[in-house]
There are 4 protein chains.
Amino acid sequence: MSGNSIGQNFVVTSFGESHGPALGCIVDGCPPGLALTEADMQRDLDRRRPGSSRYTTARREADEVQILSGVFEGKTTGTSIGLLINNTDQRSQDYSNIKDLFRPGHADYTYQQKYGTRDYRGGGRSSARETAMRVAAGAIAKKYLQQQFGIEIRGYLSQLGPICAEQLDWDEIERNDFFFPDAGKLTALDEYMRELKKSGDSIGAKVSVVATNVPVGLGEPVFDRLDADIAHALMGINAVKGVEIGDGFAVVTQHGSEHRDLMSPAGFESNHAGGVLGGISSGQPIVAHIALKPTSSISIPGKSMTVQGEQVEMVTKGRHDPCVGIRAVPIAEAMLAIVLMDHLLRHRAQNLDVTSPTPVLGMR
Amino acid sequence: MSGNSIGQNFVVTSFGESHGPALGCIVDGCPPGLALTEADMQRDLDRRRPGSSRYTTARREADEVQILSGVFEGKTTGTSIGLLINNTDQRSQDYSNIKDLFRPGHADYTYQQKYGTRDYRGGGRSSARETAMRVAAGAIAKKYLQQQFGIEIRGYLSQLGPICAEQLDWDEIERNDFFFPDAGKLTALDEYMRELKKSGDSIGAKVSVVATNVPVGLGEPVFDRLDADIAHALMGINAVKGVEIGDGFAVVTQHGSEHRDLMSPAGFESNHAGGVLGGISSGQPIVAHIALKPTSSISIPGKSMTVQGEQVEMVTKGRHDPCVGIRAVPIAEAMLAIVLMDHLLRHRAQNLDVTSPTPVLGMR
Amino acid sequence: MSGNSIGQNFVVTSFGESHGPALGCIVDGCPPGLALTEADMQRDLDRRRPGSSRYTTARREADEVQILSGVFEGKTTGTSIGLLINNTDQRSQDYSNIKDLFRPGHADYTYQQKYGTRDYRGGGRSSARETAMRVAAGAIAKKYLQQQFGIEIRGYLSQLGPICAEQLDWDEIERNDFFFPDAGKLTALDEYMRELKKSGDSIGAKVSVVATNVPVGLGEPVFDRLDADIAHALMGINAVKGVEIGDGFAVVTQHGSEHRDLMSPAGFESNHAGGVLGGISSGQPIVAHIALKPTSSISIPGKSMTVQGEQVEMVTKGRHDPCVGIRAVPIAEAMLAIVLMDHLLRHRAQNLDVTSPTPVLGMR
Amino acid sequence: MSGNSIGQNFVVTSFGESHGPALGCIVDGCPPGLALTEADMQRDLDRRRPGSSRYTTARREADEVQILSGVFEGKTTGTSIGLLINNTDQRSQDYSNIKDLFRPGHADYTYQQKYGTRDYRGGGRSSARETAMRVAAGAIAKKYLQQQFGIEIRGYLSQLGPICAEQLDWDEIERNDFFFPDAGKLTALDEYMRELKKSGDSIGAKVSVVATNVPVGLGEPVFDRLDADIAHALMGINAVKGVEIGDGFAVVTQHGSEHRDLMSPAGFESNHAGGVLGGISSGQPIVAHIALKPTSSISIPGKSMTVQGEQVEMVTKGRHDPCVGIRAVPIAEAMLAIVLMDHLLRHRAQNLDVTSPTPVLGMR
């Protein structure tokens, strides 16, 4: 398998560049019988869409997805689902000036070196524009997981630069432009972003994503542990530099007596593990956090190189998000959904005939 | 593919339980012509071996690996390499008392729920004993990468509980029992571990791993980015709860002007990215960090459950490491080696005929 | 991986139904730098196209392929290539009468039983219409193999019902509507087909496909032998019931002294093996043959069942080829091209550093 | 994935050479709870074993398989199963004389060219000795399929050179040394083989394999059709040059009115399709045939080459089967079992939640 597919039994394969005619993906392995329309995907596409708030890029894309196959009379048929989104607001001329430049902190240099060529318009394939298809595919997984098992997958911005959420109000998240769960800090966020825009700089962020009602048993040790596959999927999102499951890096200074989640007939008494033990879901909520770097597309000049090896000082023009972490929330949800869906199918493949285990701890 | 394989072109598939007769793995895709003997693997196996210091488990295993195929007259033939390590010090009777118990913080519960059964002896397949095969397979990748490209992969313990390394002295690492790069803190470490053993508790740790001389261009966007596959491999190590590439979670509070690595004809001026841009290696050192939880195998009593759903209080007996992070150093190196090897082969597959790109920045 | 992908390093994933809005595929793993336009694919698409001769279905499709990604400034970039063909002549109303019927000899029954539903319009996903994407993807592989290695892949109709080709005139093949290499039998073929059309029946066929200038060494034993993967790809073409490599079933009555291809400094003295020894290409022409069943879409009434389990007698209406084998020629070529391309990349992955073997026998 | 694995959800990965210390394989994805001992595999290993009759090679191997993991207290645990067979009768000195020779019709030349080296002892990895592991792994699949679904997989020798079976007496097959189903022709077979041995030549054969009680619905179109995967698995057996499903090459001269299997409430009225329609099992018996070439290991001199490119005349010494087709019977059964098992798991992955379709035609 080359690198544009993810999953083993629920497989998403994508194509498309920032400024090409269209983006698309194929979702292979979706069980038949799922009611599915474009509207099921559009909600999350709209949440991710550029131009949806003043804090994100000014590029405007309708991001209207079309279902080209795999759905008949409103339901999935079990065959491969073709999805397409036409690019409508690509302005390639914006980018002709960077044809021979490597923007620092971007993939320009590595794509050029790897392939000996690159589509330099807006980053080409390395642009986060490609994540629209992940969101579309993830919405199918989300719907299936929700309908069949009541699994809910929700993300939020847990930190933007120095501003941390101290409240986790799930209702608040969809009310503001930041996917931020702490209403008391929205003013601070707004001020911070205004200052940031003025400065021409960008900022990092932390996004958290949680899945509830996940059945016990998902994950295929020893290499395709559920947490390993979640790490793969989340680290594969543009700009992500770190992934945590449960307590994450806080475990470095924890003692075993503090970290281990004790069990009683009522269930686990804590969730330091983040819902995964030995690489297999425990029935507790799956909790993951990711760190997103500040975009390198800023208007502050920086030293860089031309393709020919000459030193230059450059400024990134174009339309960019000052904090790419914000729009990463629906992307992280989508990737977690894809992983859970894939593992659900893998689990089923092996275990259908096993007598369902006793639901100890009230968890199944 | 089920879950006991890792890699696409360089594929490692493993088997074996903590207290079964043997562990083994098959390494498929190793190019022919590599000089290989058991001794090439034994060095790293010895570094990982239980019983090698007073800070690790008292279980004693020779961990002698045998090559059963794929090597002829001292060189690899290009066919699959079979490796075997016999278990010699398994004491199954140690574990009969936990047959019907779920040890808190262990995989007992999730394995039982997933499979409806489990090999309870020493954790069975969920035991870190299995990582011996990863170290053996990784040693093959390490040797190949070193010989063909001069790639060096080295790890160290960067933090044990509250004690952080402040010096990075590569020579020091192999001199002490902790793989610790800061000689000035060894006494503190020794004292900390003695106290910990007395208390019967365990502690978390942070391990860092670095690969140098990595060619530009490894990584297959958009899903099998090099960093995504590294995250998959490292999060798949027992007890790991977090993975960082480069600056990792520190990026959350960084500005773009601070994070982006500027470029000059002499090369990159910094390495916040950790050697990966857009999911492709940049030629800079690959830098990754992992957080390892404190083992739940401690002698402090904790509430747990029986398989039948009854409340119990239990103490984990047996021979365990108070800090599993220490022995994780060679394992993390091995996993990074396996990922780099796989991506090297994948890169080659696609790009052989491409004219080698101009080695700008002195990096190829 | 679910079933709509083929290949490991050169991966083709397809979607689309006979009467949906469009067909498409993603070609992942194509090396960068290959000059590619729609015209490169159109020639083979036209050869496969319905309505191109009086001997094939009356359905008329332009089969115009669009490249949506992976090509920049006329060359492949190394990223995934998205291809799309809109369906233009679907007449779904033709098929409403078979909604509740299982046409005998078709996939109606098995799709319905497998998925619990089916897109009954023209066979939905089971229609050979889907093979248009294989031809488009195969054309990319063909061009690459031709340009880089001079590999030529050509097919022909070797038998139609009782009429066997006795001459193999490569120039003749593209001159007639049958891809038939024996001009002397064209009148007989024409008469046979006229009679067949009158009778309302259909006929089986044998198609042969040959690849020349294939490098020695392609194939990955022991399971992904080159011949095994060719068998997989060719048996996966609609209506194929048999695959032969080299002498095929004739070997059953051969002696070893007759079958083995003797070697001399000038090369092999015969090619009973069909270019594959031990699952690896020998440098001789790869020769494969396939048997295609007569389509079950005929106007002769036959007993069948409704979805509800009632007995019916039915006649297949719609527009069908009386001999599906004819149009299978470009499809077989495409599948062989995809397999060779994939194996070329797999071979490269493992062997780049191996000293190129001595070109004994003048074969490299 | 490199080439030593087969399957997606039920994955068999093998290693081992003809004259190395041992052969082995890992079976990954076997559901938990299957009762399994070495004896379950030994029966088929004994059927395949060399030296078991006067018509096969004189090499004597006990072929005693050991289970090294994945089974606990007599049942599979759902983790990877490690299997090992030690080689006991390898006589490497037999082969030193062919070190620098390419035996005509063998893989010597292609292995040498592909890898630049080869284990020349008995063919190394290209030896059919490797198929012992396939038989062992296949026995696990066979047992599972039999126990869970009553699926029976049985093979027989349908033709040896000019001698065709005209009776299909299932009871007879295991009574004679040929797996031949027609007792009336055993004398002729015996005479034929005696003459053949005297002549020092070898002969081809045809083997048939049938699976009954296969559920409807197995197969993943469009590329991983059940028949395509069967073709892959069977063509991947040493010496196989052709694969047929159902009527196979006989379809070339059939009419649609003759080939299509009509349906009535009592079931299908014939089985020309061989149990697969549109790449999905129909519930009818799966029927496949393979053509096995005569081994090139014969004592009749033949022209060949040295590694250095010099012409030689050579005779193959060593201990060889005059008709390798005979012992291929249990191998073909094993490969069919592995494919069916894999597809059963893949089918389950996607379809668990689908309402079981109405069992029309009495086939489910």
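From the backbone N, Cα and C atoms, a Cβ is placed for every residue, glycine too.
Just so you know, TrEMBL annotations never went through curation; they're auto-generated.
The shown structure was predicted, so the numbers you read here are calculated from the model rather than taken from an experiment.
According to TrEMBL, the protein has these features:
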- A:Arg48, A:Arg54: NADP(+) binding site (BINDING)
- A:Arg125, A:Ser126, A:Ser127, A:Asn238, A:Ala239, A:Gly278, A:Lys293, A:Pro294, A:Thr295, A:Ser296, A:Ser297, A:Arg319: FMN binding site (BINDING)
Fewest Cβ neighbours within 10 Å, where candidates are the binding-site residues A:Ser127, A:Thr295: A:Ser127
A:Ser127 (FMN binding site) versus A:Arg48 (NADP(+) binding site) - Cα distance in angstrom: 14
List of the binding-site residues A:Arg54, A:Ser127, A:Ala239, A:Ser297 facing chain C, defined by a Cβ pair under 8 Å: none
All-chain count of other Cβ atoms within 10 Å of A:Ser297 (FMN binding site): 23
From binding-site residues A:Arg125, A:Ser127, A:Ala239, A:Lys293, A:Ser297, the one whose Cα lies nearest A:Arg54 (NADP(+) binding site): A:Ser297
For A:Lys293 (FMN binding site), the number of other Cβ atoms found within 10 Å of its own Cβ: 30
DSSP state at A:Arg48 (NADP(+) binding site), helix/strand/coil: helix
Other CB atoms, at most 10 A from the CB of A:Arg125 (FMN binding site): 28
A:Ser127 (FMN binding site) in three-state DSSP notation: coil
Binding-site residues compared (A:Arg48, A:Arg54) - the one with the fewest other Cβ atoms within 10 Å: A:Arg54
Near chain B - the binding-site residues A:Arg48, A:Arg54, A:Arg125, A:Ser127, A:Lys293, A:Thr295, filtered by Cβ distance under 8 Å: A:Arg125, A:Lys293, A:Thr295
Surrounding CB atoms that lie within 10 Å of the CB of A:Ala239 (FMN binding site), all protein chains: 21
